[in-house]
């Protein structure tokens, strides 16, 4: 083959090196900043902003997290006392009233009211619990701080019986100060708590006094089924706020993400955040059940009727609810990120003058906060926040679904009328001739399905392979998985396209590939639009931008065809004059069958005939003047070549001769219309999904989903390369092949855990208080949970029993070391309960066809050194009531499926609960067979111990922490670390 040279290198030409370099640079230019934004948290300012004290906030966090402080611990009471002390210190340090007026005459020093709520309690069952047959009685110890706004009612309306506020609603900011029994609670939710303390200080600073009143809620009991938020609804001040900001944590650092929001209007203040971070896709994850856990947000929005936002830390999940959720493993940068977002959002909400948060409630018992429009929101590189209404996206989607195909159709008609529609045309006839000139306009049309399907199928196959062989490798090596998927997809797409291009070269590869992509994107946008309209899911906004870029790129390809000669003109210029076969333009496999196979080329003498030199003749001889839009190739001397292949000026290798008229720089514009949009919109979603889910396999979630999701996102991210990848050189794809082979081997054989990415196992110890028999257990993923249990000294020469766990995979149990949660007390005295059966006074009517009648009993229960117990029933009870409990129509107290568990929480230690239960039995159960147990109610009385702040109190847990492998972390399996029980039968 004669060497191919460009007379002058065009840096934007549709040739191998420009395409390779430009596409690689663009992808790196966007992916690297996205990774930096995702993993690097902005540093806090060197000087404290007005009204804030970051040094004090960090010191407060260290005090708060110096011990485990679950609701059922003595340390929890100490934290409660310390918080009240800190609040009063902040309020006492507030400047005198005259300083406020000197800054803003309309905003005098606000009045502040601190409520230590030790009165509210509530019984409820069902709707937001993980199981609808679980009931709860809870006594709250919430702390509320109300900073009166300048526009608020100046009367203490909450002191009146059934008092209600007047005027506009206020703003609630919430964080919970309890931790889990196995975690120090630095991010869950210590950062949220110290942020609330800083907000109190900020809005007590002159110049920041609120217009709308601010209620800061530090609730206790979130970790045990959001109890504190529900009990907040029983306090009179809960009638006042209409909007809220919930601060939460599910990791140990990083950026605080906007998880979800109620509507566009309440989200708008978040736009003022200096470092916005998040996507509405996370909200869709909650709405569809993909994210199973919940925060206090659901209570405020669903149960109480407020409108608000949920801001939380989300990674790493391996440290969530473990002893590494401490101040050592978070940072001041993370604290500043949440604090800055909270200040900006809260200031926007309390400064609002409109009535957009007033209106009829969705339920008579809920707050009259009105309603807003569903929102679409996402950040751009952690610096800009994009927010618009969902119906705007819906309208744009519908418009584009109609306009885009019409635009291509009109363009196609115009091309046909101009006689320049080369697509799908195999030949063209010359004027006044029966002979036709081949156009090869169908070549490349069927290429895209293979280019798209083969790499996608292989990556999905890899997802299944890794799930089968080493499903938890993504726990510690998520980027090894991403590298495997990306490299495999890219190499296969390049290989398939190069093989197709070698066999049947065509200048129509780009336009046909874009046309297929347009159709695929159109179908995806139809599906996305349907979900937007029917289910209110906004997370598919990326599909709209993908379709927009694909449409414009496709349209440009169609417009390019106007630069071609008319087909009849081309046929006249290339009318056959001889009958010799040529390999030019044909298939490069087998016999020549291309453009010149059926046409007579110029005679050899005409081809070799030289033009007379002119002023514009190229100095390189036989060439043409270069233009920005076209290639200029200088062919070698074919007479000296060992092959009959020859290239025509402006034609890329063996592609159709008419393609010489196509511009060669427009591919750059097409690529820039697609790739950056996809990377900006889909890249953060891919990182968000990976961070949220790559360590959830340890919790019992399916590992396959995250692998398949990565495979799908890989396809989404790399699809913009398909129209251009056949022009890539071999260097990068071959390198990616090596990357693929290395990461594939690693992902299949590497151990999935490490000391920095530990496997979370869930501990609990059960003790039969009647016999003293105790069993310790770890729940988690096999075979790792058994391997961890086998390393413990107490399991040596012991039988470890492993059974299937309902939610955690496998539970391995062994005779554990005796707990000392109630020292110097016999096991039988750890829990006391009595049962008195209450007979139904209503006489059954003769001839009553109802074969069921209720039975009732009163159970009195108390535990030593605890304030948490529960009642478990083998069969559901129909109703329950706790003596002294409040009820609320917003929180049901019965379930249509009955109740099999009643959880009891008291603010007092060693409290005695009196519980009335009722259940129905068949009249047949009163027969003699009933004496054998058919009519009886069987169950257990259980008390919980969760205080793990002293070594030796729970030796079995201490043993796991000391002797388990370094790649193991311990978390709680239930509300109690130790659960002691006694059986009963009524």
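Along the chain as shown, the residues are counted starting at 1.
Yeah, the Cβs are placed from backbone N, Cα and C, and that goes for glycine too.
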Swiss-Prot annotation of transmembrane segment - which of the ranges 445-465, 571-591, 592-612, 613-633 it falls on: 445-465
Per Swiss-Prot, 188, 248 bind Zn(2+) 1; matching candidate in 176, 242: 176
Shared topological domain relative to the membrane, residue 12 and residue 695, Swiss-Prot: no
Identity of the Zn(2+) 2-site residue among 155, 159, 223 (reference: 188, 321, source: Swiss-Prot): 223
Correct range for transmembrane segment (source Swiss-Prot, candidates 368-388, 536-556, 641-661, 767-787): 536-556
Annotated transmembrane segment segment (source Swiss-Prot; candidates 327-347, 705-725, 789-809, 810-830): 705-725
Helix, strand and coil counts within the topological domain 'Cytoplasmic' (414-444) (DSSP): 4 helix, 6 strand, 21 coil
Between residue 121 (N-linked glycosylation site) and residue 223 (Zn(2+) 2 binding site): CA-CA distance (Å): 17
Number of helical, extended and coil residues in the topological domain 'Vacuolar' (690-704), per DSSP: 9 helix, 0 strand, 6 coil
Among 188, 222, 248, 321, which are recorded as recorded positions, the nearest neighbour of residue 799 (N-linked glycosylation site) by Cα: 321
Separation of alpha carbons, residue 321 (Zn(2+) 2 binding site) and residue 222 (active site, proton acceptor) (Å): 13
Within the predicted model, mean pLDDT of the topological domain 'Cytoplasmic' (497-510): 94
Residue 321 (Zn(2+) 2 binding site) and residue 176 (Zn(2+) 1 binding site), Cα-Cα, nearest whole angstrom: 14
Residues within 8 Å of the 176, 188, 248 Cβ centre (excluding the Zn(2+) 1 site residues themselves): 175, 185, 187, 189, 192, 222, 223, 247, 249, 250, 295, 296, 312
Fewest Cβ neighbours within 10 Å, where candidates are the glycosylation sites 121, 799, 948: 799
